[in-house]
Each structure stands twice: as C-alpha cells, then as structure tokens.
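Peer 1: Please see the structure below; I have some questions.
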Amino acid sequence: MTELKNDRYLRALLKEPVDYTPVWMMRQAGRYLPEYKATRAQAGDFMSLCKNAELASEVTLQPLRRFPLDAAILFSDILTIPDAMGLELRFAAGEGPVFDKPITCKADVEKIGLPDPEGELQYVMNAVRQIRKDLNGDVPLIGFSGSPWTLATYMVEGGSSKAFTKIKKMMYAEPQTLHLLLDKLADSVIEYLNAQIKAGAQSVMVFDTWGGVLTPRDYNLFSLQYMHKIVDGLIRENDGRRVPVTLFTKNGGMWLEQIAATGCDAVGLDWTINIADAKARIGDKVALQGNMDPSMLYASPERIREEVAGILEGFGDAGTGHVFNLGHGIHLDVPPENAGVFVEAVHELSKPYHK
C-alpha cells in the first residue's frame with residue numbers, strides 16, 4: 001500500500017474519523033490561477049494541455065502549492081470519451097465545447113466503439129501516472145468521468161445546450177436509440193475509470209452535470225440506472241485500500257435517496273439543498289460532499305468564513321462522513337486569495353466538530 005501523508009479525504013468518504021473536515025474544490029486547477037493561465041499558454045490550447053502528462057501534472061499540483069487542500073483531482077475533461085469515440089471535439093472561442101460529428105441517429109450510435117483506455121485515451125492514464133509520481137504521497141488523487149447522460153447530452157446536442165431539445169427529442173421519440181448510446185457510454189466509463197484506478201487514482205467521481213434537467217421518471221430511466229451500472233462495475237479495492245466512489249448530480253437534491261441506493265460511498269451536493277436536510281435523509285448510508293455556492297467566493301473573507309461555519313454547523317457534531325467542497329466548479333474570476341480563505345476556514349472551523 002502506498003503511504004499517504006494526508007489521507008483525511010479518503011477516510012471522510014468512508015465515514016471514518018478525521019481530526020478536521022477535509023476540503024478540495026471542483027475545478028481547483030483552473031483559470032482563476034495566473035500560473036494556470038501561463039501553463040495553458042505554454043501548451044497552446046486546452047486539449048494540448050490535457051494530452052501533455054507533464055503539463056497536466058503541473059496544473060493539477062498548482063492549487064496544492066497555494067492552498068492546504070486535502071486532495072488533488074486529475075486535470076482532464078469529461079468529454080475525453082466522446083472525443084475518443086471519433087466525434088472530433090474542439091473548443092470554440094466563446095462557445096465552449098463543440099463536436100464536429102455529433103450523434104444524430106441510430107446508425108451513428110451503432111458505429112461508435114468503446115475507446116481503449118490505454119489506446120486512444122492513454123494520454124489520460126499517462127497523466128494519472130505522472131501526477132501520482134509528482135504528488136509523492138502528499139494527498140490522494142481523484143479520477144473522474146462524466147455520467148453517461150451528461151456525455152450523451154453533449155454528443156447529441158453537438159456541444160453545450162440550454163434547452164436540450166435534440167437529446168430530449170431522441171429520448172421521447174427514439175428511446176431505444178438513446179438507451180443504446182447510454183449503455184455504450186456506461187461500459188466505456190467503467191473501463192475508463194477502472195483504468196484510472198489501475199494507473200493510480202485513489203478515488204473516483206462521476207459528474208452528472210445535466211441530470212437535473214430531467215423529470216423524476218426520466219432521471220431514473222436515463223441517468224441513474226446507468227450510474228448504478230457504473231458503480232457495480234468499478235474496482236473498489238486497489239493497492240490494499242478501498243477506492244471510494246462519489247456520484248454528483250447537479251440539481252439532484254430531490255433524488256438523494258435513489259443516488260445513495262446505488263452503492264456509492266459518497267453523494268455530492270450542490271448549493272440548492274441544505275446539508276442538514278441531506279444528512280437527515282441519507283447521512284446514515286453515505287458520506288456527503290459539498291456544498292457552498294461557488295459565488296460565495298466573491299464575498300468578503302468574513303462572509304466566506306460565516307458561510308463555511310454555517311455549513312459545518314448544518315452537518316453537525318457527528319463530524320465523520322463530510323468532505324467540504326463547493327456546490328459546483330470555482331468561477332474563473334474568483335480572487336485566488338478568497339479560495340485560500342475558504343480552505344483555511346474549513347480546516348480551522350471544523351476542528352471542534354471532530355473532538
């Protein structure tokens with residue numbers, strides 16, 4: 001077993017005792033840091049940065065040099081799988097991700113194969129291996145993927161969407177086509193995350209960014225059942241240690257019980273749910289991750305500390321089973337010093353809850 005100097009994040013996910021609440025931030029390696037912008041400029045563009053193991057490791061470690069974070073997260077993108085399936089991902093200025101060959105019909109779905117994690121996606125595994133080496137056992141490394149539903153939204157819409165009309169048209173007019181796509185994606189995510197674990201990821205997270213646009217019935221049919229399949233297919237022990245799995249559905253507060261029933265170790269919360277309510281509903285079954293509004297990082301240091309204190313109080317005295325995080329990714333124009341206030345406030349203010 002690889003010795004970790006700080007394993008609080010892993011212990012909290014498994015509801016084991018810790019001496020303070022561990023914290024990391026979604027998108028903690030990113031554009032709010034000037035050093036990230038410099039490294040990205042050196043790489044040339046976003047995907048070139050992802051595909052260079054040394055530079056991907058550099059940007060993964062940058063926030064850890066600034067802040068006493070309790071975990072590192074692989075620097076990559078959720079759209080690596082569809083890109084490797086041949087949909088030709090590019091990032092257009094002002095538009096975000098665009099697929100030049102989107103999925104439009106059943107024939108398109110039948111044509112795509114499962115990418116080889118050590119073939120078309122080997123650059124991701126190389127980054128995992130490099131990051132683990134460079135971390136030198138300081139903190140655990142989180143691997144991740146998008147959920148099948150969320151990946152499918154980009155693949156069918158051809159990029160980002162506000163109304164999701166194309167994928168919902170497929171969902172209601174050709175549900176069997178969408179299920180075929182989601183099933184392929186679930187198999188691909190299982191292979192991809194298991195390869196990340198074998199390469200060195202010590203925990204994995206599935207981001208279901210767009211699950212919250214579905215009706216309760218459709219959420220279960222088109223998103224949750226495929227995340228359940230992923231949880232069932234993942235390696236859960238590696239290098240002598242359990243590999244915790246976190247599921248996160250943005251705007252998924254109404255489905256916490258169903259998410260917890262998948263067999264995951266932790267459920268990610270966005271800021272639209274009260275953490276005390278979430279704990280009352282599922283805290284006996286899983287750990288919780290979250291859940292400060294990322295926009296709170298625009299506030300004064302005093303207000304940030306006040307918000308952290310309120311969330312810690314909401315989680316309460318039984319201080320095991322909470323990983324502090326934002327409710328979604330940090331915004332690109334947040335002052336880095338405010339992120340530092342946040343991280344240090346979590347450590348300082350959580351200690352009384354862990355006596």
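Cβ from N, Cα, C; glycine included.
For ARG27, GLN28, ALA29, GLY30, ARG31, ASP77, TYR154, THR209, HIS328, the entry in Swiss-Prot reads substrate binding site, with the evidence type sequence analysis. According to Swiss-Prot, the feature site 'Transition state stabilizer' maps to ASP77, an assignment based on sequence analysis.
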Peer 1: How many other Cβ atoms sit within 10 Å of the Cβ of ASP77 (site 'Transition state stabilizer')?
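Peer 2: Taking all protein chains shown, ASP77 (site 'Transition state stabilizer') has 17 Cβ neighbours within 10 Å.
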Peer 1: Rounded to a whole number, what is the top Cα to Cα distance in Å among the residues the record ties to substrate, namely ARG27, GLN28, ALA29, GLY30, ARG31, ASP77, TYR154, THR209, HIS328?
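Peer 2: Roughly 23 Å, rounded to the nearest whole number.
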Peer 1: Counting other Cβ atoms within 10 Å of each Cβ, which of the binding-site residues ARG27, ARG31, HIS328 scores lowest?
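Peer 2: Comparing Cβ neighbours within 10 Å for the binding-site residues ARG27, ARG31, HIS328, ARG31 has the fewest.
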Peer 1: Could you list the residues of the same chain, at least six apart in sequence, whose Cβ is under 8 A from the Cβ of ALA29 (substrate binding site)?
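Peer 2: In sequence order, TYR36, VAL59, THR60, GLN62, PRO63, ILE73, PHE75 meet the Cβ cut-off.
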Peer 1: Whole-number answer please: how many Å between the C-alpha atoms of ARG27 (substrate binding site) and ASP77 (site 'Transition state stabilizer')?
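Peer 2: With the alpha carbons as reference points, the distance is 10 Å.
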Peer 1: In angstrom units, rounded to an integer, how far apart are the Cα atoms of ASP77 (site 'Transition state stabilizer') and ARG31 (substrate binding site)?
Peer 2: 14
